[in-house]
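Chemist: Have a look at the structure that comes next, please.
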């Protein structure tokens with residue numbers, strides 16, 4: 001039986017995103033970063049496919065169910081096995097509650113599976129997050145996306161659609177993160193300045209750039225409508241991140257703390273100046289993005305918008 005008496009307020013992040021986006025690396029980096037700031041951090045691994053974890057794990061779903069056991073026992077593939085594992089966890093939430101009760105006055109990082117369908121179409125993960133909220137967790141969904149997708153307009157529109165769908169389905173305060181900023185131009189230069197992608201500015205320019213490709217020109221009407229849906233909701237924006245960069249990590253942390261209310265919570269002493277700074281957004285997002293662009297983008301290459309201005 002799950003307790004009807006919820007514990008005191010607890011804060012944390014649920015780290016989601018497609019496979020290979022850097023969720024586990026982010027959890028390890030954020031744990032080290034928060035520990036240096038004096039926060040007591042607990043990592044909860046909710047990914048049954050995670051093996052050889054690079055961080056100390058306080059709660060591990062592998063004690064309850066593993067993907068290999070599910071695939072072998074039920075003859076399921078990787079996707080079906082992950083869905084079954086999440087349904088099994090949902091049916092055994094008392095196990096998770098008892099594990100979490102052992103950790104008091106901690107900040108929680110939940111390392112989640114990478115299957116996109118779990119956050120856009122299936123309800124088990126959504127229900128697990130909802131139950132965590134009932135247990136007095138104040139969580140922010142940190143959705144990691146590979147930054148190099150910005151170099152491909154078609155992939156970036158797909159990323160925007162996935163991010164929007166996830167935000168609407170998961171129903172948590174949401175921070176979208178462009179991860180691996182040090183590799184952003186690995187597969188080609190960006191067509192626009194970085195703030196165009198982080199703030200998701202006028203997508204009609206991106207659609208025009210996409211229609212220059214003969215293949216995608218055939219799908220121009222579809223791309224226009226997808227861009228309209230994204231901009232009509234006006235929900236998606238991104239925070240750039242390089243886990244090795246302390247300033248970048250601090251920017252993400254500030255955004256997350258505002259989203260879940262940690263900066264106004266009672267887990268540690270916060271002075272009035274820090275709270276007011278968070279409330280008015282005194283970290284100036286534009287200046288931060290400009291600094292990231294200067295650090296990671298090749299300044300010798302002209303962007304499309306620069307070339308247009310030169311005409």
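Positions of Cβ are set from backbone N, Cα and C atoms, glycine also.
So Swiss-Prot has the following annotated:
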BINDING   20, 21, 22, 23, 24, 25, 179, 180, 181, 182  GTP binding site
SITE      79  site 'Stabilizes the phosphate intermediate'
Chemist: Given the recorded positions 22, 24, 79, 179, which one's Cβ is surrounded by the fewest other Cβ atoms within 10 Å?
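Modeler: It is 79 that, of the recorded positions 22, 24, 79, 179, has the fewest other Cβ atoms within 10 Å.
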Chemist: For the binding-site residues listed here, 20, 181, which shows the highest count of neighbouring CB atoms within 10 A?
Modeler: 181
Chemist: Between residue 24 (GTP binding site) and residue 79 (site 'Stabilizes the phosphate intermediate'), how many Å separate their Cα atoms?
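Modeler: One finds 19 Å between the Cα atoms of these residues.
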Chemist: Secondary structure at residue 20 (GTP binding site) (DSSP, helix/strand/coil)?
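Modeler: For residue 20 (GTP binding site) - judged by DSSP and reduced to three states - the answer is coil.
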Chemist: Give the three-state DSSP assignment (helix, strand or coil) for residue 181 (GTP binding site).
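Modeler: Going by the DSSP assignment, residue 181 (GTP binding site) falls within a helical segment, counted as helix.
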Chemist: Pop the Cα-Cα gap between residue 22 (GTP binding site) and residue 79 (site 'Stabilizes the phosphate intermediate') into the table, whole Å please.
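Modeler: Their Cα atoms are separated by 19 Å.
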